[in-house]
Amino acid sequence: MAETTRRVAIIGGNRIPFARSNGPYASASNQDMLTAALDGLVGRFGLQGERLGEVVAGAVLKHSRDFNLTRESVLGSRLSPQTPAYDVQQACGTGLEAVILVANKIALGQIDAGIAGGVDTTSDAPIGVNEDLRRLLLKFNSAKGLGARLKLLPKLRPSHVVPDVPRNGEPRTGLSMGEHAAITAREWEIERQEQDELAAASHRKLAVAYECGFFDDLLTPFLGLTRDQNLRPDSTVDKLAKLKPVFGTKSKEFGDSATMTAGNSTPLSDGAATVLLAGEEWAERRRLPVLAYFTHCETAAVDFVHGGEGLLMAPTYAVPRMLARAGLELGDFDFYEIHEAFASQVLATLKAWEDPGYCKEKLGLDAPLGSIDRAKLNVNGSSLAAGHPFAATGGRIVATLAKLLAEKGSGRGLISICAAGGQGVTAILER
């Protein structure tokens, strides 16, 4: 092991525009999209034929054919086929967790450069066979001889042909992420108006970023898309206010108080994103400028099943731990990139950090963690406008924040991503 650690540089990123589910990417596979994002990154930084230390990426929704997804995507790209690759999965935190894995190896001197990323398609989601049919087929496959196989056929039932479709719910609660978020929104008294304001602002800021050319060197057009399909530049609070709630509507406990709509929640999306990380010497040899440095990270999890915790509240724990290790305060940042899974979740997270009781009882702090300057929050829009292909969001956020810091010339940015399973992944970038 290395006696000292090296600084980890973020050189740049590349993604394909995010598409709404069953839209332009309906026929594209995870491998198609990840390869496109990866190869765009290779072309942008002249990495054709290069053997990198490794490529780490993943997907939340995977077919059995995707068992070696990242490696196959590398083989389909212009990188050297000698570049090793592997998959990782931590729900919506996958992309950022991939960055952490690559960054740690660079810091320890185990590799000089690597690529992290993620991809997801809800258009091409896997549909499994019925569990009883699966077991019968396994017996059929292992049966010795035709006679043994024919004896199994009478066991086939009409119910066996019913497919096992993907379930949008937590296995241990049966509730969808949206329903969990609705419970959190009610507990923290998050108003509909402020959710719609956050959503409208996300669209407005992302539209301005596109108009200013911010994403010109962060994005590769794919299948006819040149910008995120979900973006609505004309979105307003008044328009969003007309939408009916879609989460919290089935519970008697909510009554007429449900506040979460399709407009202030992220849509199902397809897309891929990648990030190039390296040691400073590697970048210098190739005369590649550094956008920012990856300096700190933290993951956390909460007991949302038996502990009464909100499913998506893990970042509220991860951030104070990370800040304590870094010797920083919540207000010590120029940019805050908080993943907009739902507008209500962003607002609940911020409210929790400001709440003395929560910070003392849950986080073990003597005082509130603090508040942030909202003008520094998701300054170029985030998931509500761009969309949220689960494993791709982390890469999008890291590349966006790194470029923001590079344009500013100096500063510090905080990343916070909530994830299914009661998990959260956070990080700090600096320049």
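Just so it is clear, glycine is given a Cβ too, placed from its N, Cα and C backbone atoms.
Heads up, TrEMBL stuff is auto-annotated, nobody curated it.
Residues or ranges marked as active site, acyl-thioester intermediate by TrEMBL: Cys92. Summarising the environment of Cys92 (active site, acyl-thioester intermediate), the number of other Cβ atoms within 10 Å of its Cβ, over all protein chains shown, is 31.
The DSSP secondary structure for His388 (active site, proton acceptor) is coil. Sequence-distant contacts of His388 (active site, proton acceptor), defined as residues of its own chain at least six apart whose C-beta falls under 8 angstroms from its C-beta, comprise Phe18, Cys92, Thr266, Pro267, Ser269, His339, Glu340, Ala341. If you look up TrEMBL, you'll see His388 (among others) marked as active site, proton acceptor.
For Cys418 (active site, proton acceptor), the number of other Cβ atoms no farther than 10 Å from its own Cβ, over all displayed protein chains, is 32. Annotated active site, proton acceptor per TrEMBL: Cys418 (among others), in sequence order.
What TrEMBL lists as domain 'Thiolase N-terminal' is 8-280.
Here TrEMBL flags 289-431 as domain 'Thiolase C-terminal'. Across the range of the domain 'Thiolase C-terminal' (289-431), the DSSP-based residue counts are 57 helix, 32 strand, 54 coil.
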